[in-house]
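Visitor: Here it is, the structure, as structure tokens.
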Amino acid sequence: MTDRIRPLIAGNWKMNGLKASAAEFEAMLAGAAEVTGKADLLVCPPATLLAAFAEKTRGGKAVAVGAQDCHAKASGAHTGDISAEMLADAGASAVIVGHSERRADHGESDVVVHQKAEAAWRAGLVAIVCVGETQQQRDAGLTLEILRGQLTLSLPEGSRADNLIVAYEPVWAIGTGLTPTAGDVEQIHSFIRQLLIVRFKEQGARMRILYGGSVKPSNAAELMAVANVNGALVGGASLKAADFLAIAKGC
């Protein structure tokens, strides 16, 4: 973790959660005071829960609410899609774009991710841009090449530390229980940092780089201690308040 960059623990609930899940979110709000000295907290529930969760954070609660995806357009004939403006109106402060599951399940290209990041800014949201390699790409020794291409095309000009966060998520580690070694994470996050600095100068030096991929309480402290790891994008472990807060305590 880079000391001068305040870490962010972002929970991605994916396609999980019904109205009854509000109890877990309320438990996160109740326990957030214990970790506010260590990290910022963000929870990205499914769109059906976004407004209700955002309402619970009114009055300056220590957990922000975000979204998992947005359409590039502000409105129009796009059945089933949700615009960044709608997310902001519902109370979101950030939105994940380019998650590997969106790239794989919906064929989203780097160009589409770029457009969605710009849409997030248009609505006043922070864009959390995800990048990462598959197992096949890793085995072929292509990890850094893949990341360079994704970062080059997915990150818009105008990216700043206050409007964009990069999340490195090795696809082979998501939901598998597998994680790269601390040494691997350090190498890759250092590579990402250097690319950000070359392109965005001082802003690139200050951008948060999150690690995502089977982050859990048992490995959080080790991962958060790695240089240039400025927090985590947490999947399954963010569904339980106790696990989510324990990960934040590892910062």
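Each position is counted from 1, following the chain as shown.
Just so you know, glycine gets a Cβ as well, placed from its N, Cα and C.
Feature annotation from Swiss-Prot assigns active site, electrophile to His99; the stated evidence is sequence analysis. Swiss-Prot lists Glu169 with the feature active site, proton acceptor, giving sequence analysis as the kind of evidence. Here Swiss-Prot flags Asn12, Trp13, Lys14, Gly175, Ser214, Gly235, Gly236 as substrate binding site, drawing on sequence analysis.
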Visitor: His99 (active site, electrophile) to Glu169 (active site, proton acceptor): how many Å between their Cα atoms?
Guide: 8
Visitor: Fewest other C-beta atoms within 10 angstroms of its own C-beta: which of the binding-site residues Asn12, Ser214 fits that?
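Guide: Among the binding-site residues Asn12, Ser214, the lowest count of other Cβ atoms within 10 Å belongs to Ser214.
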Visitor: Reported as an integer number of Å, what is the Cα distance between Asn12 (substrate binding site) and Glu169 (active site, proton acceptor)?
Guide: 12
Visitor: Other Cβ atoms within 10 Å is the metric here; tell me which of the binding-site residues Gly175, Gly235, Gly236 scores highest.
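Guide: Neighbour-count leader: Gly235.
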Visitor: Let me make sure I understand the span of the substrate site: among Asn12, Trp13, Lys14, Gly175, Ser214, Gly235, Gly236, what is the greatest distance between any two Cα atoms, in Å?
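Guide: The span, Cα to Cα at its widest, is 14 Å.
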Visitor: Can you check which residue among the recorded positions Lys14, His99 has the largest number of Cβ atoms within 10 Å of its own?
Guide: His99
Visitor: Around the substrate site formed by Asn12, Trp13, Lys14, Gly175, Ser214, Gly235, Gly236, list the extra residues of the same chain whose Cβ is within 8 Å of the site's Cβ centroid.
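Guide: Going along the sequence, the neighbours appear as Asn16, Ile174, Val234, Ala237, Ser238, Leu239.
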Visitor: These are the recorded positions: Trp13, Glu169. Which one scores highest on other Cβ atoms within 10 Å?
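Guide: The most densely surrounded of these recorded positions is Glu169.
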